[in-house]
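Enquirer: Before we start, here is the structure in question, set down as structure tokens.
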Amino acid sequence: MPKSYFITGIGTEVGKTVVSAIVAEALKADYWKPIQAGDLENSDSHKVKKLVSNKDSVFFKNACALNTPMSPHAAAEIDGIKLQIKNIKRPETEKDLVIEGAGGLMVPLNAKEVIADLISKEDLVILVSRHYLGSINHTLLSIEALKSRGIDKIGIIFSGDEHPTTEAAIKKLGKVKVVGRIEEEPYFDEMVVKEYAEKFRKRLCEI
């Protein structure tokens with residue numbers, strides 16, 4: 001039965017797009033970013049498509065493409081768009097689906113809804129945690145936010161140079177499966193993504 005993998009992060013610019021490409025490549029899954037705010041000519045969907053080398057993945061259009069690189073609720077207001085989850089329909093596919101969120105879990109979509117509300121309890125969530133001072137707190141808070149919503153199928157991918165004490169603390173206190181860690185690579189291309197895809201495939205299937 002097809003699965004949905006929701007890729008989120010402990011903040012912005014932590015590596016969600018690269019992770020989305022790796023997961024899509026590993027599982028030959030389809031890809032969808034519901035909301036894109038800004039950079040429409042070089043969107044995350046474009047970036048993922050360039051990084052995925054398998055010929056099976058389908059790349060679905062954004063449900064909502066906003067012009068301003070801001071939090072979705074603010075970007076939607078500038079564009080005069082009423083952004084509501086009830087109007088965001090998941091694409092139909094018979095394959096696994098990778099869904100990339102925008103920013104972190106509590107990024108607002110409107111006055112009542114946040115990114116986390118896009119996640120189904122059946123989704124497998126990949127939380128991307130980049131190492132920096134304060135990342136343990138941000139990671140554990142993100143895990144707590146997911147679990148408080150009844151979302152407990154969570155895997156974590158660390159991003160950046162190895163930090164054993166940080167990773168050990170998150171693993172012990174967060175009680176989530178660690179899929180792996182992405183090194184501070186000089187660049188990402190199809191070959192680098194494919195290497196990580198092969199490395200992470202087994203653990204992705206175990207979440």
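Along the chain as shown, the residues are counted starting at 1.
Each residue, glycine too, has its Cβ placed from N, Cα and C.
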Enquirer: In Swiss-Prot, the ATP site includes GLU13, VAL14, GLY15, LYS16, THR17, VAL18, GLU100, GLY101, ALA102, GLY103. Which of ASP39, ASP44, ASP79 does it also list there?
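Expert: Looking at ASP39, ASP44, ASP79, the one Swiss-Prot places in the ATP site next to GLU13, VAL14, GLY15, LYS16, THR17, VAL18, GLU100, GLY101, ALA102, GLY103 is ASP44.
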Enquirer: Do you know which of the binding-site residues GLU13, ASP44, GLU100 has the most other C-beta atoms within 10 angstroms of its C-beta?
Expert: GLU100
Enquirer: Other than its own, how many Cβ atoms are within 10 Å of the Cβ belonging to LYS33 (active site)?
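Expert: Here the count is 26.
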Enquirer: For the recorded ATP site formed by GLU13, VAL14, GLY15, LYS16, THR17, VAL18, ASP44, GLU100, GLY101, ALA102, GLY103, which further same-chain residues have Cβ atoms within 8 Å of the site's Cβ center?
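Expert: The answer, listed by sequence position, is ILE7, THR8, GLY9, THR12, VAL19, SER20, VAL128.
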Enquirer: Round to a whole number and give the Cα-to-Cα distance in Å for the pair LYS33 (active site) and GLY101 (ATP binding site).
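Expert: Spelling it out, the Cα of LYS33 (active site) and the Cα of GLY101 (ATP binding site) are 6 Å apart.
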